[in-house]
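A.B. asks: Have a look at this one.
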């Protein structure tokens, strides 16, 4: 069957074009993971009995004292995968989409050495991307006893958080007011973007130093640094002085810098009553304006419904339509000139403003010592850290965490990153570059394909007008197939190499072996019966025919 031949050709062409655009990854020798020798209060690479160290939580989540939901999200440890994966490396994976997840690790002994650097570092890989969800961790202010939840207090929250256009890396710490004993959150004021991309690992590092400075690094690069005193909202230290809340502005205090000129007089020619808009005095009614014709008329084709009851429903009134005469002419009904801006409009008059001779200045309450003021030279003294917890919501599954470091050595954290992150960096960045390149190439190919298809249809419209009806009907089927499945259509066009050649090839392929009568405008009864049978077959097997092998049909037998 010739339709099968062309369909199979189209399929091969499509596969050929796809294959020519594909860029298969070259096979590379997998990198091998070696457990680090770095030591710290926490160096977690999820080897061995990880489930004895990390306890998933099944606690209830409460918001404003009301139970919201349970932490039902599943946690697993899985070997790394992807182009940059280290063979044998494992990571903690947040598995479920649209779910709350919570898990925690408790230190053998609380960490509380404020005279040393505090370094927090870990890797995050959103294997399927992260459009809305958190990937930050918390350094905990109390033991969890395996029941991590939003009610467990924390000292520091650090890491990426992304939802829609909000994309940032958090650094939040809690500071204790020495006067009241209360803790308040201090948020980093200018938060860097997370740089999260599907299947790409990022390394996040936080360094807090005893001199009250900090650094946030992403992939080893310092993206934010500053002072615990000056770069957080609200500030750590309250103001030394505040405005006196009991101070009152004197009654004779003049704080208006300008006043209306008391000597100004409204000009005699100032017309406050002049309208803002006036009819255009130069406008002329169009000659074809039908002033006696109504704009709307009853619809002459409207019919009273059969079930309309005048006694119950009232008098039936047909719907109205725009008067056709009004559409043909310039307009109908009473003609009015268009409105224009009044050149003489000036609006209400008001005297000009002049400097106020009695102006004293803007009034402020006097300053008094802040009764709530306190000083703290060491906001980096966060207090004892009892463990690490993840308490997260995510809309995407399979968020991977690996190579977690919590300790006091910047050098050791860098060494760990060199061992685990840098080997993945090159391979994953090559993948990212390849993905971006293929996306650009795909956009370019799609644009060219659309242009080719548009030209093809333009040429076909010209030729179709000269084709006999029975021929045009058959060719139409294939043109519709090209439009509905442009991959096949563009492949055929690309292989044949010429838009005109495509149409002529289709024409002669189908009809060169047919009898002259089949190209004439007349059609015999036998041919009509044959065409109707073919039409029914193609309609019932339309999906199958584009990928069907060559088969016989009554039409094919007659043509062969």
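Cβ coordinates come from backbone N, Cα and C, glycine included.
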A.B. asks: Besides 136, 138, 154, 161, which of 362, 391, 411, 414 does Swiss-Prot list for that alpha-D-glucoside site?
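C.D. replies: So the alpha-D-glucoside site in Swiss-Prot includes 136, 138, 154, 161 plus, from the candidates 362, 391, 411, 414, 391.
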A.B. asks: For the record in Swiss-Prot, which of the ranges 473-516, 517-560 is the region 'Disordered' one?
C.D. replies: 517-560
A.B. asks: Between 190-210, 211-231, 253-273, which stretch does Swiss-Prot give the note region 'Disordered'?
C.D. replies: 253-273
A.B. asks: DSSP helix, strand and coil counts for the region 'Disordered' (253-273)?
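C.D. replies: Final tally across the stretch: 0 helix, 3 strand, 18 coil.
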